[in-house]
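Chemist: Encoded as structure tokens, here's the structure I'll be asking about.
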Amino acid sequence: MPLWLREHSWRQSGSAVFLSLPVRGVRVTAANIFCTERYLKVSVPPFLFEAVLYAPIDETNSTAKIGNGIVFFTLYKKEVAMWESLTVANVNKEELQHLRENAVLRAHEKAKEETEAKKVTKQEHKKYALEATMKLEEAERKRIEGLKEQERQKVTKELELWRSQQNDVEKQKRVQSEGELHEEGEQLKEKKREKINKTRISNEEISKTKLTKGRGSYSIFSEDLKEEQLPAPRSAGTIKINFTSRVFPTALRESRVAEEEEWLQKQAEARRIISANLSELEDLKEEEKNPDWLKDKGNKMFATGNYLAAVNAYNLAVRLNNKLPLLYLNRAACHLKLRNLHKAIEDSSKALELLTPPVPDNENARVKAYVRRGTAFCQLELYAEGLQDYEAALKIDPKNKTIEKDAEKIRHTIQGTVQSS
């Protein structure tokens, strides 16, 4: 049976009621107080205080202060008036039960309304956050496009300047060559003129000899008197040449026919795959159809810790171009973070297949592929396979101390497993 708290004091003004309720020896919290516009209850086991108020109050703005064994209520009246008493007199059990039920029902409705209001507010906040994120991404995209446009204009100006410089150089060379040709032509004319003069002088001397020696002497010098004739210039002509149409810009070589046919088949297969996926890619923007743009998007998602979104970006990029090893390599890193260890092994292996032949330019990528696959093997407790991949990475980059330490830890783990077995 609860102990009813009969000791309390109250006073009022035209707009508020001040109630002081002593609860010494017990600890009171806000959960022990229940208040509606006509009903007030304080339940602190073993004590209980219950009051049906004289007139309605504003339960939203009313307050309760707890301290020093006293609960002090400030109850604001809905209508400015003086109460005759704190509670309603002569309330029977049925009316009291009815008031209790109405108070509880009203409290439940109010809690439900507050929950709905919080839910709506939360949805609005999420919507606002989403819109803000989209605006930031749009601003970032516009900034990147602006930088690209500035870079394009800069390169265009540099190209135009280079072309003008080349035109000036070509013009100077043309003028210089024309001057040299003019000088050579003048020299040739001068030589021809000298030759003609020499021939004329020789003819005059021969004519004088003929006059002195008579007509019979002409046949002796007839061959020497023939004027040296220059050959006639060659006649101009046009030779038509027809080449077999080819996809490649180089000439056809029998040794490269098989390689060229294989390349053409791969291109046709890639175009067929892209054409088959066109219906699914119609809703994408132009930049979203670019594997490099999708790779950069996935890298940003990975940096922010959104690994699932990064995997989706890499998946779409792989569908557009399945020959880029970095797509598989980055997706393997995401799978490691998501504990999709078998998928991480598959993507690392695919990246190693595409990173052939091994050259200095792809050393860093091959090291990452071996390390990520080795990490996945070790997390699956396949330490022997993981150690093989770490050793392969050390062969490529023997100065990497981090990989060397990890490989040593795996060796110790394998030795401990063998000893325990």
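Glycine residues also receive a Cβ, built from the backbone N, Cα and C atoms like all the rest.
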Chemist: Looking at 168-192, 193-217, which one does TrEMBL call region 'Disordered'?
Modeler: 168-192
Chemist: Count the residues of the domain 'CS' (3-87) that DSSP assigns to helix (H, G, I), to strand (E, B) and to coil, and report the three numbers in that order.
Modeler: 3 helix, 44 strand, 38 coil
Chemist: For the repeat 'TPR' (367-400), could you work out the same-chain residues 6 or more beyond its ends whose Cβ comes under 8 Å from its Cβ atoms?
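Modeler: Residues 325, 329, 332-333, 335-336, 339, 341-342, 344-345, 348-349, 351-352, 355, 358, 406-407, 410-411, 413-414, 417 contact the repeat 'TPR' (367-400) from elsewhere in the chain.
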Chemist: Determine the mean pLDDT over the repeat 'TPR' (367-400), rounding to the nearest whole number.
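Modeler: Mean model confidence (pLDDT) across the repeat 'TPR' (367-400) is 93.
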Chemist: In the region 'Disordered' (168-192), how many residues does DSSP call helix, how many strand, and how many coil?
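Modeler: For the region 'Disordered' (168-192), the helix, strand and coil counts are 25 helix, 0 strand, 0 coil.
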